[in-house]
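Take a look at the structure set out below.
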Amino acid sequence: MSRGRGKVRDSGSRSDSYSGSRSAMDPPRCSICGTQQQLLRCAKCKAVYYCSPAHQHLDWPAHRSECRLLTRQKVNSSNNNKQQQRQQIQQLQQAVASANLEGNGAGANCSTAQMMTPAHQAQSWPAEVDNLLNLLGQPDNRAQAAPTEVGQKQQQQQQHHHHHGEKSSSYQIGLADASFMGSGSERRYEDLCRNIINDMNQYGLSVVDDFLGMETGLKILNEVRSMYNAGAFQDGQVVTNQMPDAPSTAARGDNIRGDKIKWVGGNEPGCSNVWYLTNQIDSVVYRVNTMKDNGILGNYHIRERTRAMVACYPGFGTHYVMHVDNPKKDGRVITAIYYLNINWDARESGGILRIRPTPGTTVADIEPKFDRLIFFWSDIRNPHEVQPAHRTRYAITVWYFDAKEREEALNRAKLENSKTNNVAAQAQAQQAEPDSTTTPPATAVAPPASSSSLPASMSTGTGALNANVSSNACAASNEICT
């Protein structure tokens, strides 16, 4: 016998008064005398209680057959549960296989052209997209130009700069050209990268299906779900727009973006598979940035990225309004997003990522399907939105920096911080030692208040720069949010 509490057996066939009328909600009692003190439970069936070994021995002739029956039922129930679990795993695997675009096990494949739709055939694009483009101006001409001699020389350089302080939360790539998907996949790697280059030059985005395969994708999904269920996610941030001519209407954060996010470096406990994912994406980005004849990608020197932003749209129509990731040259040049949503059907679940490459006459409607990876330019060439999602939608986003634009953004942020600190110091000094002919100011000079709120990715002032871009003293929560 073992001591404990549990469900009391129904002993309606017994003649004793203690068990004949007992229900499953009654406290356990000794099956012989009815006491509730110092109870022992039958170690075999774990359903009947006794106050002593003597009463168990006394009851055994009557309990023997029932004990065997209850034990057999427990074993059968356990076997059934295991079988159901195996069936659920098989169904999950089948769902993943059916969600992938005609994958035959050959590995990642690009399907970007299938996502492109003529603009006049697509659903109406949000009217405010034109206002956004007018506010931000036109794309940098450099992005449309052919690779320059300087840009090609940059690609040939193998100097890897290590940054500290204000860049401490960014990650280096290309220190070693990491192996993609292990050995024996060089041809697939080469073909994949060449397809991505062609897509980025032609469409400004690239869609890769079956990127890591079902088994690895499920491991990543399990880690993300564990983080989310543990309450590690926070609301996506909304920052203040500092443009003087910006619209004055304020918007609630949940009306702009409804996702929950967590920033992951990969070395945290329980994130090894997310780390593997980001390393595989790093390998692809480094390769396409250094390959010959890579078109627009040859204009950039990409050796840094952000931490991974793990995002969850919890359903209920949560969405992210039309926005641009990098509207004011904070350094981000490529956005990479990996999706983890099994058997996603946009007709029922929504959640489409709609991208409007600019300039252009097409839109891309991208379903967030399991094991799908997408790339697109982070600047105003690609305004995009996440349409309302009606079931839980998971994604992992990483942004890659151009070294020159990143350095310029850091320098601007340092200069802006220096000016702000000087103004604050002068105001404090004037308040402490006022001139005899003037009235001391009541309060220190403060920056002008904002008139509207926009997603962090739409902020057009230096406030858009996060802890990676501004000084190291900034709060750790001020990540680039998009």
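Including glycine, each Cβ sits where the backbone N, Cα and C put it.
Automatic, uncurated: that is what TrEMBL annotation is.
Going by TrEMBL, these are the annotated features:
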| type | residues | note |
| --- | --- | --- |
| REGION | 1-27 | region 'Disordered' |
| COMPBIAS | 14-23 | compositional bias 'Low complexity' |
| DOMAIN | 30-67 | domain 'MYND-type' |
| COILED | 75-102 | coiled coil |
| REGION | 143-172 | region 'Disordered' |
| DOMAIN | 304-402 | domain 'Fe2OG dioxygenase' |
| REGION | 413-457 | region 'Disordered' |
| COMPBIAS | 424-457 | compositional bias 'Low complexity' |
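Across the coiled coil (75-102), the prediction's mean pLDDT works out to 64. Here the domain 'MYND-type' (30-67) has, by DSSP, the following mix of helix, strand and coil residues: 15 helix, 4 strand, 19 coil. Secondary structure counts, DSSP: the domain 'Fe2OG dioxygenase' (304-402) has 4 helix, 56 strand, 39 coil.
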